[in-house]
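Colleague: Let me give you the structure first, and then I'll get to my questions.
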Amino acid sequence: DCPSDWSSHEEHCYKVFRLFKTWEEAEKFCTQQVNGWHLASIESVEEANFLAELVPKTLIKSKYHVWIGLRDQSERQQCSSHWTDGSAVSYEKVVRFTKCFGLNKDKGYLEWVTLPCEDKNPFICKSWVPH
């Protein structure tokens with residue numbers, strides 16, 4: 001089972017943090033929680049819909065986008081092929097590519113938005129359900 005204040009979906013645990021961190025600070029924060037946590041990867045439309053429902057429960061009437069575990073690490077303006085937790089990008093919902101990715105507050109957290117990695121936003125950590 002997931003820790004008591006985390007939410008579960010499929011075989012993963014999630015938590016939205018109301019802390020304002022840059023993308024790198026947020027990823028570091030997730031990895032320091034428990035071994036194996038990262039900024040959330042989104043690997044299906046079902047997972048995207050789950051997170052779109054989860055975020056507003058924590059960030060009530062939020063004016064902020066929410067970091068997810070994807071960023072462009074190349075010189076060319078192309079998306080990285082892997083999430084920070086190492087899983088392959090098999091599902092994409094994005095309009096244009098630049099640097100770091102978040103869930104778009106103006107689209108009900110269903111669409112991705114590219115943001116400067118130095119912006120400070122809330123974020124979602126994700127890991128496998130502990131066995």
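The backbone N, Cα and C atoms fix where each Cβ goes, and this holds for glycine too.
Reproduced below are the annotations present in Swiss-Prot:
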type	residues	note
DISULFID	Cys2-Cys13	disulfide bond
DISULFID	Cys30-Cys125	disulfide bond
DISULFID	Cys100-Cys117	disulfide bond
DOMAIN	9-126	domain 'C-type lectin'
Colleague: Reported in the order helix, strand, coil, what are the DSSP residue counts of the domain 'C-type lectin' (9-126)?
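Modeller: Taking each residue of the domain 'C-type lectin' (9-126) in turn, the totals are 28 helix, 36 strand, 54 coil.
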Colleague: How would DSSP class Cys2 (disulfide bond) in three states?
Modeller: coil
Colleague: Let me make sure I understand the structure: which of the disulfide-bonded residues listed (Cys100, Cys117, Cys125) has the fewest other Cβ atoms within 10 A of its Cβ?
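Modeller: Looking at the disulfide-bonded residues Cys100, Cys117, Cys125, the Cβ with the fewest others within 10 Å is that of Cys117.
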Colleague: From the Cα of Cys125 (disulfide bond) across to the Cα of Cys2 (disulfide bond), what is the distance in angstrom?
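Modeller: So the alpha carbons of Cys2 (disulfide bond) and Cys125 (disulfide bond) sit roughly 12 Å from each other.
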Colleague: Could you measure between Cys117 (disulfide bond) and Cys30 (disulfide bond) for me? Cα positions, answer in whole angstrom.
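Modeller: Cys30 (disulfide bond) has its Cα 16 Å from the Cα of Cys117 (disulfide bond).
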Colleague: Which residues, sitting 6 or more apart from Cys30 (disulfide bond) on the same chain, put a CB under 8 Å from its CB?
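Modeller: Long-range Cβ contacts: Trp37, His38, Leu39, Gly69, Phe123, Cys125, Lys126.
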Colleague: Cα of Cys100 (disulfide bond) to Cα of Cys13 (disulfide bond): how many Å, rounded?
Modeller: 22
Colleague: For Cys2, Cys13, listed as disulfide-bonded residues, tell me which one has the smallest number of other Cβ atoms within 10 Å.
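Modeller: Selected from the disulfide-bonded residues Cys2, Cys13 on minimum Cβ neighbours within 10 Å: Cys2.
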